[in-house]
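Everything on this sheet refers to the single structure shown next.
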Amino acid sequence: LPSPIPCSLTQPVTPDLLVSPSSQDGDLGSECPEDRGNWTGRLDFLLSCIGYCVGLGNVWRFPYRAYTNGGGAFLVPYFIMLAICGIPIFFMELSLGQFSSLGPLAVWKISPLFKGVGMGTILIVSLVAIYYNMIIAYVLFYLFASLTSDLPWQHCGNWWNTDLCLDHHVIRAGNSTLPVNISNTVSPSEEYWSRYVLHIQGSSGIGDPGRIRWNLCLCLLLSWTIVYLCILKGVKSSGKVVYFTATFPYLILVMLLIRGVTLEGAWKGIQFYLTPQFDHLLSSKVWIEAALQIFYSLGVGFGGLLTFASYNTFHQNIYRDTFIVTLGNAITSILAGFAIFSVLGYMSQELGVPVNQVAKAGPGLAFVVYPQAMTMLPLSPFWSFLFFFMLLTLGLDSQFAFMETIVTAVTDEFPYYLRPKKASFSAAICIALFLMGLILTTEGGMYWLVLLDDYSAGFGLMVVVITTCLVVTRVYGMKRFCRDIHMMLGFKPGPYFRACWMVLSPATMMALLVYNIVKYQPSEYGSYRFPTWAEALGILMGVLSCLMIPMGMVVAVLQEEGTLWERVQQASRPAMDWGPSLEENRTGVYVASLAGSQSPKPLMVHMRKYGGITSYENTAIEVDREMEEEDEEESM
């Protein structure tokens with residue numbers, strides 16, 4: 001047997017015979033995988049998490065959700081759902097990543113039977129990354145369009161405007177003389193967005209994408225280039241960029257907030273946003289909306305949190321970080337609501353219409369309503385540039401996380417081949433996703449973006465999170481998981497976390513999933529209804545990520561020996577090398593020169609199958625005895 005060359009004093013050494021045949025790592029005896037790396041600064045991890053969680057949804061989804069679901073009263077279910085669903089799942093993801101120092105695919109050494117969950121996560125993140133970067137491309141387009149003395153969406157009379165276009169300056173003049181009927185008119189900003197930026201009139205629907213809009217295509221190329229340059233060296237480079245992208249939006253948000261509340265009519269908008277309507281709390285829809293907002297805003301299930309935590313040192317205080325990030329995210333959402341609705345209040349007063357007629361969510365708010373409000377302010381190009389620069393920085397650090405998740409997941413699976421070539425591999429993924437996103441730059445691209453947005457991270461994501469929660473608590477075991485956290489942080493999670501992980505969080509997400517299926521509504525964009533084949537394609541996107549779970553199970557079972565039930569049992573136990581990545585952090589049941597074995601049974605099967613070394617058998621027996629003693633103590 002050739003003696004293995006040690007990678008380093010801190011890394012566990014695995015003899016050739018103990019490497020499973022499914023391992024694709026080539027000649028383990030002669031070379032070692034390149035070091036994964038860690039965050040280089042103390043605040044890198046915290047700021048990356050804040051940047052990842054605080055994204056576009058905080059600005060364009062939360063304020064609208066709040067005002068449609070009871071105003072100030074919405075904060076009651078929002079914070080309850082944060083406590084039940086948000087904080088516990090957030091902490092669970094960080095714990096899994098930090099304990100194992102593995103990405104969202106390799107972390108399923110915790111229970112190889114469920115590796116399909118990791119594959120589902122990667123599929124969801126890849127689909128989201130494609131369209132999320134298109135939104136960043138729109139933001140770049142508007143950012144460049146703001147570099148002018150007169151905003152292009154300020155007036156009618158351009159080649160893209162129709163006879164229905166009505167300038168708000170005309171409305172203001174009309175208010176002083178004759179009332180103007182604005183019900184059948186369109187604002188210049190709306191026509192600029194749909195007829196100039198999207199050129200949607202060139203497409204009859206999702207099946208007729210039309211031509212590529214080259215200005216949008218170049219913006220998409222630029223956004224992918226920016227993302228690539230920032231993730232070029234993994235967390236070492238993106239960890240530095242977030243010092244700017246995670247903090248600068250707050251500065252701009254405060255500036256927009258101060259400008260907003262000093263406008264005439266601002267309080268009208270804020271009153272509309274925050275007036276509590278407590279009767280709404282009796283509706284199940286409000287609670288579901290609150291849970292959905294928490295779910296998507298914190299980015300649980302996308303693998304980003306797990307990936308970021310995997311680059312932490314073993315004893316990093318993620319318990320503290322969990323509360324900083326989750327509460328910071330909630331406060332940011334509420335602040336953004338003030339900044340948005342103060343401007344909408346001013347706008348409604350200028351136009352002489354109620355606030356609910358100008359309020360919108362999603363791209364309609366960012367690319368139509370808010371830009372129109374900007375044209376009513378003095379120094380409008382300056383405020384417009386600031387607003388879109390804030391959206392750019394909010395979007396970019398979320399996109400860094402999506403890309404880092406994909407790259408880390410795959411490089412952790414093939415460390416010997418891909419870690420030394422991480423920059424080239426990142427480039428290949430960026431190019432592939434850019435090419436897939438080209439359909440979004442066509443005249444009918446918006447229809448495809450809506451389809452991706454509605455289906456890519458819908459019920460599939462919930463199934464992934466529910467499965468993760470159940471596997472960690474039921475299959476791996478709550479006692480084991482709490483012991484791992486104790487080993488890492490020095491204390492066990494309290495009854496609040498255990499109750500949420502065991503019952504409350506999975507039950508809430510099950511309710512969300514059922515609600516989503518029961519209340520299913522076909523996608524639409526404005527008055528356009530999607531054809532049946534597009535609906536089917538969307539549903540297939542969601543189902544495909546769920547199908548990864550049973551597919552992964554079949555593969556895992558086929559790799560084991562014995563009867564079907566024995567194979568399932570063996571595949572559901574943690575892999576031999578599950579545990580902390582560094583030998584110095586392996587204590588208790590993880591102490592072994594082999595990369596630790598949480599359960600020696602699959603190790604013994606492995607040895608019978610491929611032959612083994614007596615010292616390793618002795619280690620396995622010792623680990624077995626230690627676990628039995630521990631079980632006896634717990635039962636007494």
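Cβ from N, Cα, C; glycine included.
On a predicted model such as this, the values are computed, not experimentally measured, just so you know.
Taken from TrEMBL, the feature Na(+) binding site covers Gly51, Val54, Asn58, Ser297, Asn329, Leu394, Asp397, Ser398. The feature disulfide bond is assigned by TrEMBL to Cys156-Cys165. Positions annotated as transmembrane segment by TrEMBL: 45-63, 75-96, 117-144, 241-258, 290-311, 323-347, 382-402, 423-449, 455-476, 496-518, 538-558.
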Same-chain residue ranges lying at least 6 outside the transmembrane segment (241-258) that approach it to Cβ under 8 Å: 43-44, 47-48, 50-51, 54, 230, 332, 335-336, 338-339, 342-343, 383, 386-387, 389-390, 393-394, 396-397, 400
Stretch with greatest number of CB pairs under 8 Å, the transmembrane segment (455-476) reference, 45-63, 75-96, 290-311, 382-402 candidates: 290-311
Cys165 (disulfide bond) CB neighbourhood, other CB atoms within 10 A: 20
Nearest-integer angstrom distance between the alpha carbons (Cα) of Gly51 (Na(+) binding site) and Cys156 (disulfide bond): 38
Candidate ranges 75-96, 290-311, 323-347, 423-449, 496-518 - greatest C-beta contact count to the transmembrane segment (117-144) (under 8 angstroms): 423-449
Considering the transmembrane segment (75-96), which listed stretch of 45-63, 290-311, 423-449, 538-558 counts the most C-beta pairs under 8 Å: 290-311
Spatial neighbours of the transmembrane segment (323-347) far in sequence, C-beta under 8 Å, 6+ residues away: 46, 49-50, 53-54, 58-59, 62-63, 66-67, 75, 78-79, 82, 86-87, 90, 250, 253, 256-257, 260-261, 263-274, 293, 297-298, 355, 358-359, 365, 369-370, 372-373, 376
Euclidean distance between Cα atoms of Cys165 (disulfide bond) and Val54 (Na(+) binding site), Å: 35
Interface-richest range of 45-63, 382-402, 423-449 toward the transmembrane segment (290-311), CB pairs under 8 Å: 45-63
Non-site residues, in chain order, whose CB comes within 8 A of the mean position of the CB atoms of Gly51, Val54, Asn58, Ser297, Asn329, Leu394, Asp397, Ser398 at Na(+): Ile50, Tyr52, Cys53, Gly55, Leu56, Gly57, Ala246, Pro249, Gly299, Thr332
Cys165 (disulfide bond) and Ser297 (Na(+) binding site), distance between Cα atoms, whole Å: 36
Tertiary contacts of the transmembrane segment (496-518), as residues 6+ beyond its ends and Cβ separation under 8 Å: 81, 84-85, 87-89, 91-92, 284, 288, 291-292, 295, 458-459, 462-463, 465-466, 469-470, 472-473, 478, 481-482
Separation of alpha carbons, Leu394 (Na(+) binding site) and Cys156 (disulfide bond) (Å): 31
